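For 9-29, 50-70, 77-97, 114-134, 148-168, 183-203, 466-486, the entry in Swiss-Prot reads transmembrane segment. Here Swiss-Prot flags 220-464 as domain 'CN hydrolase'. Among the features that Swiss-Prot reports, active site, proton acceptor is placed at GLU259, with the record citing sequence analysis. Taken from Swiss-Prot, the feature active site covers LYS322, and the record attributes it to sequence analysis. Residues annotated as active site, nucleophile in Swiss-Prot, with sequence analysis given as evidence: CYS372.
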Amino acid sequence: MYKPKISCLLLGLLSGLVFAPTFLLPALLTLSYLCCLVQKSKDWQEAAKLGYIFGFGHFLSGIYWISIGVSVYISDFWWAIPFALFGLPIILAFFVSASCVFSFFVRNNKYYHFIFCLYWVLFEWVRSWIFTGLPWNLIGYAFSFSDILIQSLNIIGIYGLSFIVIYISTSFYPFFTKQFDQLKVLLLTSSITLAVIITYGSVRLHNHPTNFTDIKVRLVQPSIPQTEKWSEEEFWHNLMLHINLSENSQPIDLVIWSEAALVVPYDIPVVKSELLGLLNSVDATLITGGISDNKKRGEDFELYTAMYALEKNGNKLFEYHKSHLVPFGEYMPFKKILPFKKLTHGFVDYTEGNGGLVYLDKYNLKIKPLICYESIFPDFVRTNNETADVIINVTNDAWYGKSSGPYQHFHISRSRAVENGLPMVRVANNGISAIIDPLGRVIKKLDLNEINYIDGLIPKKLDSPTIFSKFGNITILLIVFFIFLVNYLLDKKLINSRD
């Protein structure tokens, strides 16, 4: 048992490298070994332990960067670094362990491999909503490096793509058990499935060239270090950096700043004066991330993470409040039990908003606004977006430096564009900022920690809603049925050939 434990930990660590920015796809084969070990376990407790150890390694290498965010204010939160580095993998590993336990109980089933894949995706889905949810680094994102491979998201969503990836990745497991007839069936089924999604993706990209609206946007990326983001001494420097990057003689319709670009209320007279000076200079509307409150005091006071639009005459065209808040970052869960303050600036917890669409009548533009990690929740993005024209995602990933985190966040976010057939304008404080078309193609972008701006036209959305945007995760049944049918027919053909 000792050697399997060590190998599970090492292979789990390796498997976490299948995501951005490394996309080490050969590491997906580690899942075949896990699938084999679960089937050969002597009891469910052993399967649980092996799955847990693999899962711990998987999440440790995949989301290690969260501890970097905690270390930004190391003098206040030094004690939280080990909890961020090890605590989250310790918790998330239970989901891998649970999928292995359930799979163990069907280890003798003819379709054990197929059921193993189902349980893996089922517990990815559970992970996406339980305890507020964290659907980060779902295994389907291993394919997000390729425009072609992610096109099926418009039908089956990320959980459907996860099923494809886990199925292909574990199809080598009969090699370890010397079940070579089954190995032939699984490899052939995987090859057919991969060929189908490659063909579908290629044809879809060819048949849908990018079309553009006439709305021109300017994405501003100041790359302000997180240690200076909320500094009173740096406030005016940071504001003027935003303004200087936004000013240009080229005509523009919308200037877009990142999450918390304004760290004070916009209507402070001296701040508002600078903003209106900019907007009149460029003759444009500003969309920015900022903070907002309900103008009440005492126990009724509420603070929001916001996105709002300002006209050059000072009118606020819309205000959106973030509804998926980051636990421990923007609010403290179990506050009565845990006597700690949140990791972000200030002592007051942020309050949840209501979500939904916002409108810019002047441009006849309906926007699905997303702040920060709201973009990682497929169902949240899909909800109430039937009439949306564009997704605008503002975020601040400066917490995580040059780690894997900002790259993973970018690829996760652009997957929402493909799922919903909507273009995305993504503006990040330190990158990666980009204009993305409804098929996930990156039209223009600013790299991590680049200080610059880009101008571009907003791409048009697709002519009709995607299957996923209409029906949601129920569409995963399509790919499950397809793969099962191919598997069954090939298996039956193999049996008949023996007879």
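Glycine is treated like the rest: Cβ placed from N, Cα and C.
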Contacting positions for the transmembrane segment (50-70) when only residues 6+ beyond its ends and CB under 8 Å are counted: 4-5, 8-17, 19, 30, 34, 37-38, 41, 77, 80-82, 84-86, 88-90, 92-101, 136-137, 329, 343, 399-401, 403-405
All-chain count of other Cβ atoms within 10 Å of LYS322 (active site): 25
Winner by Cβ pairs under 8 Å against the transmembrane segment (466-486), considering only 9-29, 77-97, 148-168, 183-203: 148-168
Where GLU259 (active site, proton acceptor) falls in three-state DSSP terms: coil
Distance, GLU259 (active site, proton acceptor) to CYS372 (active site, nucleophile) (CA atoms, angstrom): 7
Number of other Cβ atoms within 10 Å of the Cβ of GLU259 (active site, proton acceptor) across all protein chains: 23
Rounded Cα separation (Å) that holds between the residue listed as 'active site' and GLU259 (active site, proton acceptor): 10
Cβ neighbour count within 10 Å of CYS372 (active site, nucleophile): 25
